[in-house]
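A quick write-up on the structure given underneath.
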Amino acid sequence: MAFKKLLQFAISAVSIKAVFAHQIPLGDTIEQPETWLSKYGPQIDQPFSGPLSFSHMTYSRCLEDESAQFDIAVLGMPFDTGTSYRPGARFGPYAIRSGSRRQREARGYSLAWGNNPYEQGSKIIDCGDVPIIPFDNVLAMDQMEVAYSTLLNRPIASSQSVWANGAQLAKDGRERPRIVSLGGDHTIVLPILRALNKVYGPVSVIHFDAHLDTWNGYPGTVTEQSRVTHGTFFYVANEEGLVSNSSIHAGIRCKLVGLGDIENDESVGFHFITSDDIDDHGVPAIIKRIRERVGDTPVYLSLDIDVIDPGLAPATGTPEAGGWTSREVKRIIRGLAGLNFVGADIVEVAPVYDHAEITGTAAADLVHDFLSMFMSQSPPTPYALPGSWLRDEL
């Protein structure tokens, strides 16, 4: 009996061992979870998410990364200690980038332009902000000039020319990248013009603004640096030989001391178009006037957001009633394509005075227009799409 029980026990032990020998470890029976990449694909940025760069484009700290190459750079200049009224434009680069969140390279085609600037063969990147000191304007001006010159003297990324006449316009015959600067108050244009002058010599300026910005100083000016403000920088630029006598303002409507301000403005090298001229002469006449004024010279475009009526763009330091609409400004810019643009900026966006980001959004859209403008050899020709009016029916 004992032998029988022992035999049964031995048989049971062998059976159990055999069962366990064929078991699969528990961990191997659990199905491995599917990864995000295999199930949903790349980790894309939504319009409301991701790192903040202009239109979600490639971001690089180009001033320190000397290997960064580009044909067009977006560069922030968060400076606002040259303002005469409301400060806050140091937050302009942030506001403009934030306003660009719904834009992106893959969806950049514009019916008005008939192109996507990101698909024209040029490398466009966001080069971040110049780390401008807010406590010393002399130092800040030098920082902006050095930063701009640093990027301006980089080789272009493309192996072949990306803009007509680029090499011919430069003193040394070498094609340079172009920079779209995000201000910042309008004072940033003085160091920019200083940097451009080293490469191109004096340039013609197309200046969209409610104000002349050619005054020779404000009351209380007692030092050389205090002469440099967002309302005097063109006067100083003229003294330094940075602007050609073929520049023009567009959208002027500010109050003046008198006609002496106009005489002074002309001596600085500017003619002007008032905001009312759009009603009296129309957009085509304004475009024609600007193109005739600057001709085939090297051209720098500077756009103060206050050229737009404050009802549509309230976030600015010196608002003036009676401005142009954003649509009117965009139409004029399209009409300027094909000029010899060496650079552009948009300035005086101060988001603390904004509502629902309407100013930042408008400014971002204008930057997109600048990029298309750089890419175009002539103004776009409107064409009829299916279901739209034919041009001769308008």
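Every residue gets a Cβ built from N, Cα and C, even glycine.
Per TrEMBL, the feature signal peptide maps to 1-21.
According to TrEMBL, the feature Mn(2+) binding site maps to H186, D209, H211, D213, D304, D306. If you take the C-beta of D213 (Mn(2+) binding site) and look for same-chain residues 6 or more apart in sequence within under 8 angstroms, you find H186, H207, H230, G231, T232, F233, F234, D304.
For H186 (Mn(2+) binding site), other Cβ atoms within 10 Å of its Cβ number 31. Shown in sequence order, H207, A210, H230, G231, V307, T318, V347, E348 are the same-chain residues outside H186, D209, H211, D213, D304, D306 whose Cβ sits within 8 Å of the Cβ centre of the Mn(2+) site.
Listed in sequence order, D209, A210, H211, A313, T316, G317, T318, P319, E320, G323, E348 are the same-chain residues six or more apart from D306 (Mn(2+) binding site) with CB atoms under 8 A from its CB.
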